Amino acid sequence: MSWIDKIFSKSPISSSRKANVPEGVWTKCTSCEQVLYRDELKRHLEVCPKCGHHMRIDARERLLALLDKDGVTELAADLEPKDILKFRDLKKYKDRLTAAQKDTGEKDALVVLSGTLYGLPIVAAASNFGFMGGSMGSVVGAKFVAAAEEAMEKNCPFVCFSASGGARMQEALFSLMQMAKTSAVLAKMKEKGVPFISVLTDPTLGGVSASFAMLGDINIAEPKALIGFAGPRVIEQTVREKLPEGFQRAEFLLEHGAIDMIVKRSDMRDTLASLLTKLMNKPSPFNAEELSDTE
């Protein structure tokens, strides 16, 4: 027992009431460290109402907040990863998969839904960073291709939200092959004139940033998202120089022309609807009066 525990154990002061607060009611902003009511944070789509910091959000939750409520269907839901290489690092790959599936409730790191956005048919995908860092393996690549092919078949836009540390090392070349596979299907979409919008969220790194995440007809980022190939610490250790302030953050990339827009999560739905209706040459879902109110 420490000295401070001994002092408090002898203290005559005791509470007649026990704290009866369930776990998970409160959480803390990862930026400003403000204590937040969990339900309030969820209503703000995991954006801190105090400082505006965009925290990571569950992939399925993100997509359901984007799409209209009716007519949502999941694509390639039956695909599940396999440990073809019998890979083992500190743990077996199959054990890592089991743990990630239990923690997230998903079979792999990409969720693909088909639905509408203000009545406009779209296909939308989102990475789940909670599933092995959103890493891209064979199933993620296959789901991405399935989403792109569905968009081409329906002649509707495809939107993908990336949040990934890169290629999944446990699948070795099977993972790296997905970079070429996803890039190839996007080239096919481009030939057919089907729009693809890439939304880069925190973080988008490695093989994902080096493939489909930067191949959008329009590339959007959330505020302060970390975007790049290697992380800033790795680069600093390699070049042995101090990087510029904000290097690899969304604002730095926008200033240097690497992305097209930065959009807050609260504005994402309306912004995507406006962009997609223009790309598809469809009537805007907003009338002139509504647009003037938002400007």
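Each Cβ is built from the backbone N, Cα and C atoms, and glycine gets one as well.
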Of the residue ranges 29-51, 52-74, 75-97, 98-120, the one that Swiss-Prot records as zinc finger:
29-51
Residues of the same chain, at least six outside the zinc finger (29-51), with any C-beta under 8 angstroms of its C-beta?
57, 61-62, 65, 264-266
Near C29 (Zn(2+) binding site), which residues of its chain come within a Cβ-Cβ distance under 8 Å, counting only those 6 or more away in sequence?
L36, C48, K50, C51, H53, M55
Neighbours of the Zn(2+) site C29, C32, C48, C51: Cβ within 8 Å of the Cβ centroid, same chain, sequence order.
T30, S31, E33, Q34, L36, K50, G52, H53
Surrounding CB atoms that lie within 10 Å of the CB of C48 (Zn(2+) binding site), all protein chains:
21
